[in-house]
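In what follows, a single structure is set out as structure tokens and then discussed.
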Amino acid sequence: MARQPPPPWVHAAFLLCLLSLGGAIEIPMDFHWTRNSRFFNIAKDPRVSMRRRSGTLVIDFRSGGRPEEYEGEYQCFARNKFGTALSNRIRLQVSKSPLWPKENLDPVVVQEGAPLTLQCNPPPGLPSPVIFWMSSSMEPITQDKRVSQGHNGDLYFSNVMLQDMQTDYSCNARFHFTHTIQQKNPFTLKVLTNHPYNDSSLRNHPDMYSARGVAERTPSFMYPQGTASSQMVLRGMDLLLECIASGVPTPDIAWYKKGGDLPSDKAKFENFNKALRITNVSEEDSGEYFCLASNKMGSIRHTISVRVKAAPYWLDEPKNLILAPGEDGRLVCRANGNPKPTVQWMVNGEPLQSAPPNPNREVAGDTIIFRDTQISSRAVYQCNTSNEHGYLLANAFVSVLDVPPRMLSPRNQLIRVILYNRTRLDCPFFGSPIPTLRWFKNGQGSNLDGGNYHVYENGSLEIKMIRKEDQGIYTCVATNILGKAENQVRLEVKDPTRIYRMPEDQVAKRGTTVQLECRVKHDPSLKLTVSWLKDDEPLYIGNRMKKEDDSLTIFGVAERDQGSYTCVASTELDQDLAKAYLTVLGRPDRPRDLELTDLAERSVRLTWIPGDDNNSPITDYVVQFEEDQFQPGVWHDHSKYPGSVNSAVLRLSPYVNYQFRVIAVNEVGSSHPSLPSERYRTSGAPPESNPGDVKGEGTRKNNMEITWTPMNATSAFGPNLRYIVKWRRRETREAWNNVTVWGSRYVVGQTPVYVPYEIRVQAENDFGKGPEPESVIGYSGEDYPRAAPTEVKVRVMNSTAISLQWNRVYPDTVQGQLREYRAYYWRESSLLKNLWVSQKRQQASFPGDRLRGVVSRLFPYSNYKLEMVVVNGRGDGPRSETKEFTTPEGVPSAPRRFRVRQPNLETINLEWDHPEHPNGIMTGYTLKYVAFNGTKVGKQIVENFSPNQTKFTVQRTDPVSRYRFTLSARTQVGSGEAVTEESPAPPNEATPTAAYTNNQADIATQGWFIGLMCAIALLVLILLIVCFIKRSRGGKYPVREKKDVPLGPEDPKEEDGSFDYSDEDNKPLQGSQTSLDGTIKQQESDDSLVDYGEGGEGQFNEDGSFIGQYTVKKDKEETEGNESSEATSPVNAIYSLA
């Protein structure tokens, strides 16, 4: 049975009687009730009814009747064909709230300082009422350790004071179940006192009682009486101990337990320490407790002996028993209590002694033993265990079933498990007698039990460590005497999820980018999910974060990103975790609370509180200052200190109104400046130094400008800083000229040309002058030199350099400081015919008083002119006479765009362009080439070509070897710089070049390609005939693309890019002819040497060497013109296209 209503008092009764069948199928049953152990006939009373199916008894008082007539002890009986079950006994009582008896209360007369108890004595009620004290005007009585309400409802005064008679006292009883409050007539106090005036100022007097003439006395107990008492409490209930004491002054109450400490987890003090409550009492809480009441006059104690009793409680409650025919079983009913409870067995609601005998049943105290059980043994057994404090009643169903085995789980389940894990395969079954269960794998005969397998009593199969070979189909078979049943479970083994590259702890500066790796290996048949936690909470991926499959990237790391990051790689079966901690290094927080102490005339101590270093130790503190006179609002560095200090003595200058701030520095950077300190002004003094960097220089030929670096605020030392400027001509010993200046410059006028002066600048303020300054030598202004270098001699050293020699000028003609001798030179013309050159003047400087120098990096094979001058601070003097010289021929630069092509396996084509700088008359080209294969090198072959030839074909003798080609150009002086190239790799090296040449060879054999080449050759032949006819007639023929002669800008015929040719030019059409070896060669031409770039501007270093560079203006058409001139015959045109 289950669910009885908890309170024993009701107004409209609903007595519940529900049968718990332990999960079995509902079976029709009958209910009936007893009242006071006698059958209760529901049909005879119209106010009583019983709900269908549940057996709940309903007594309705709303239509009238006296509830008192139904008071008593009720019990429910539920019966069906298997037996009878009982409910607990339910005591029904009617809640009562009786009226307070009328009584007239006389005023209570009491001496001030005496104890007083106002008794409540509420009328009895069910349940007991809640007591509280109020005045007749319904204001609550203020309670404290002197005045308080006891647990019994009485109001206790430890000592009465005069102010207690200002109100009356009424006891109120609130009956919770009926929602009513009963009020007792109020008590009125009359306090007798030796001090009749109730002076409120005495309430806070340190010795209030003596001030009012109240005699002090030792404590005594008002409740409980005497020095000892005892109390009994039931196990599981709350224990409430109370001690209320009187005395003057009001005593303090303290609680103790003899032989031990109070249970701190269950004990609490109430009512201003006058009550001790221990919740959920157990046997360990029994013993002696004592309360100690004390004041300054003494102390008193009361001992309370606590005994803990117990109503019965279960140790082993009877359980329903299901047996098969012929099986053995037992019902156990064990309970404990204090005193020891007795056990009574019943069957179907009747005492076991009066039940029909059953030879298969044996009672042994708290146990019933069943042997060879039969169908007739099924019944409902009740165990009633009781003592003087209560009872327990339990129903146990004994069922005898004969059921063949039956599987209770779905068939053919799929279980997926992770490799090397422990797993359990469940196979719930039912049968009576209890079936025997066996497990098989993949339909094979041996039973699975032992080793890596363990079978539990409930039929579950545990595999202690899963391996790959454990995958398969598992069959469980349940068998008893009535038959067998089986079920299958398919087990799939999956690889575990593992993080094989875990995120690592990192330390990052603020604003940088951090990447946390998390690379995972998992079973491909499972869906992988990678998520991140920060400080064990889900991480929000914002705009500054990027989450990828194998990493988390944080851009612009901030302080709030610091913390632990956990990578969680999970599938539906398992997960793996990896954690790393990110430490963010930030700039330190600004120092704070700057304070100036130890104020002195020239020093002060500055102290500050460091800010947070944000994970990067502070290395330095920079102290800055600002003054409000010279540069207000501008902060200057004052001093620097180690990061381990937070106080420093600062050296100060006179007459500065200082304000300081501090900046903290760590590895990441500098903090924001601290808030400024208070200002501190030092007293003034004469300057201790003079301005620096004093100079005297002329800006004109008849003046001298005196300048200096002005002094700053920390060196002024006083107000109205000014400068006394003195000067006089050197060696004349004339009197000093002086002037007072407020700025940083002064100009002396009407001076001779370039005369030395002694100069002094002295600082002065309102407190006095600075120290006597040192003299500085300055000079008045310079004038242009009056003479030029003489006897200038030029000697040509080589094709690009000359040496110069001259006589120095007289010093008085310099009219200033001699800076340098300077050579102006320009390229007048080139010795190559029709080559335009730039005549822009260039210069070479020779600093100091020198007599010779070198001008280098000239253009070879050119005409030059040169002049020399003297240079001082004012400028150039007059030019010397003009000298002319010619540079000889030089070697050419390297040929341009050297190209090596391999159209097939038999030939190699070489092409190049003329040198950028011929540096003379070209005499031809030299080609050196050699075959090589790995480390083997063949014999070198040398070929010489005419200056017009820019192509050459090499016939290969070895299709496997490669070739190395070196090409250089020649003049009459010799060979110039060489350029080297190698032929492409052979086909067996499978390079892209080889594949391309093979494709070309294949295309050349196609018929359409041959036809196309013939058509192109025919068109070229027609074009050449037309050109020849036009040339024979004279007129304009565009030769800019045929000749390498660049025209000067002064040539008027350059505008349309043509020349007039006539028969008198004596320049026949230059055709091409093929040599015996198949190489196309051109006839020699004088025009081949004009492919030469013009000279540019240059500079010289101190020794006169040229440090400029060539500048070449070369049209692309000029180089392409020479190449196109070779294809002037159909043969050459066809060959060039092939």
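Cβ coordinates come from backbone N, Cα and C, glycine included.
Bear in mind that TrEMBL entries carry predicted annotations, made automatically and left uncurated.
Taken from TrEMBL, the feature signal peptide applies to 1-24.
The average pLDDT for the domain 'Ig-like' (1-95) in the predicted structure is 72. If you look up TrEMBL, you'll see 1-95 (among others) marked as domain 'Ig-like'.
Feature annotation from TrEMBL assigns domain 'Ig-like' to 101-188 (among others).
Taken from TrEMBL, the feature domain 'Ig-like' applies to 219-307 (among others). Secondary structure of the domain 'Ig-like' (219-307) per DSSP (helix as H, G, I; strand as E, B; remaining residues coil): 3 helix, 55 strand, 31 coil.
What TrEMBL lists as domain 'Ig-like' is 312-399 (among others).
Residues or ranges marked as domain 'Ig-like' in TrEMBL: 404-492 (among others).
Look at TrEMBL and you will find 496-578 (among others) tagged as domain 'Ig-like'.
Sequence annotations record features per position, and here TrEMBL assigns domain 'Fibronectin type-III' to 590-685 (among others).
What TrEMBL records for 670-700 (among others) is region 'Disordered'. Sequence-distant neighbours of the region 'Disordered' (670-700) (same chain, 6+ residues past either end, Cβ-Cβ under 8 Å): 587-592, 594-596, 599, 601-602, 604, 606, 608, 611, 622, 624, 626, 628, 635, 652-664, 706-711, 715-719, 721, 723, 727, 744, 747, 751, 754, 757, 759-771, 773, 776-782.
The domain 'Fibronectin type-III' annotation in TrEMBL covers 690-783 (among others).
Annotation source TrEMBL lists domain 'Fibronectin type-III' at 788-890 (among others).
The annotation region 'Disordered' is assigned in TrEMBL to 875-894 (among others). Through the fold, the region 'Disordered' (875-894) approaches residues 784-790, 792, 794, 796, 798-800, 802, 806, 809, 813-814, 822, 824, 828, 831, 858-869, 915-922, 968-979 of its own chain, all at least 6 residues removed from its boundaries and within a Cβ separation under 8 Å.
What TrEMBL records for 876-886 is compositional bias 'Basic and acidic residues'. According to DSSP, the secondary structure content of the compositional bias 'Basic and acidic residues' (876-886) in residues is 0 helix, 5 strand, 6 coil.
Residue counts of the domain 'Fibronectin type-III' (894-990) by helix, strand and coil are 3 helix, 55 strand, 39 coil (DSSP-based). Per TrEMBL, domain 'Fibronectin type-III' is recorded for 894-990 (among others).
Feature annotation from TrEMBL assigns region 'Disordered' to 973-994 (among others).
Under the heading region 'Disordered', TrEMBL lists 1039-1138 (among others).
When the domain 'Fibronectin type-III' (788-890) is classified with DSSP, helix, strand and coil residues number 3 helix, 55 strand, 45 coil.
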